[in-house]
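Input: a single structure, listed below in structure tokens.
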Amino acid sequence: MKTEGIKSPSAKYHDMAGSQRIPHKNPHIQKVAVLQSKPNKEDALNLIKEIAHKVSYLMKENHFKVTNLVEFYPRDQRLLGMNVNHGSKIMLRLRCSTDEFQFLPMECIMGTMLHELTHNLFGPHDKKFYNKLDELIGRQWVIEQRGLYDTFLGNGQRLGGRANLRSNRYPMTGISTNTGIVRKRGKGVKLGSLHPEGISSIDRGNSPRELAAFAAERRYRDDRWCGETKNNKDQIISDNISSSLEVVILDDDDEVLPGDTLIEVIDLT
């Protein structure tokens, strides 16, 4: 079943990319979904599939499993992501809180994804959590430089093999070379980082008191931006499956029933 959506400036590019069967797979994520009520949902779907694709090798190395990776657009404008039941569902904000037509920079969404994957292992924003998050951030950078993905890429690429680096790199803001999605320029905020400009890296020359202050600031920021510490988690999840959205399951044998959830679901396995 197909639904009609608002055509975006990148629709022509998107159709070309689809005809070339550019892979966006991840054997460690069962399904991805985007909000049907928002504009440019095809671009949103391509974006969340790109995120899933890029973390596939990291997830393989760390034995991470995610059942559903979905877009959400919470009422709390500060909220960037949420992990439900250690990977049962990871929800990511893809769009600017003040303009749903604009997508966040890739580095911002990727930072949130790594943060939420860390919640598969650790709940509280404590030292163990941040040690693991920093490890994942550093490892993901190396993986992207080497162009590693845990998926069949076609053209002779094997599971866990390398991809063409030039065709899979993406800029930190602006236009993605894979999807053609126009993303908002400017500074984004990444979960787990002290500054919007980059990954948290504290000078080893700082005093213990300064390091403690940095750590406290990091926890404070993440407690605001991450859904893990929210007292209204059930309400946030409920808002994301409002009856105003329509389910589109990519199986012609299935019928859409009244009252079904609101998300377009794509099987990544």
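Just so you know, glycine gets a Cβ as well, placed from its N, Cα and C.
Swiss-Prot lists His115, His119 as Zn(2+)-binding residues, and of the candidates His63, His125 the one it assigns to that same site is His125. As annotated in Swiss-Prot, motif 'SUMO interaction motif 2 (SIM)' covers the listed stretch 266-269 rather than the other ranges in 14-17, 94-97, 162-165, 266-269. According to Swiss-Prot, the feature region 'Disordered' maps to residues 1-22, out of the candidate ranges 1-22, 23-44, 67-88.
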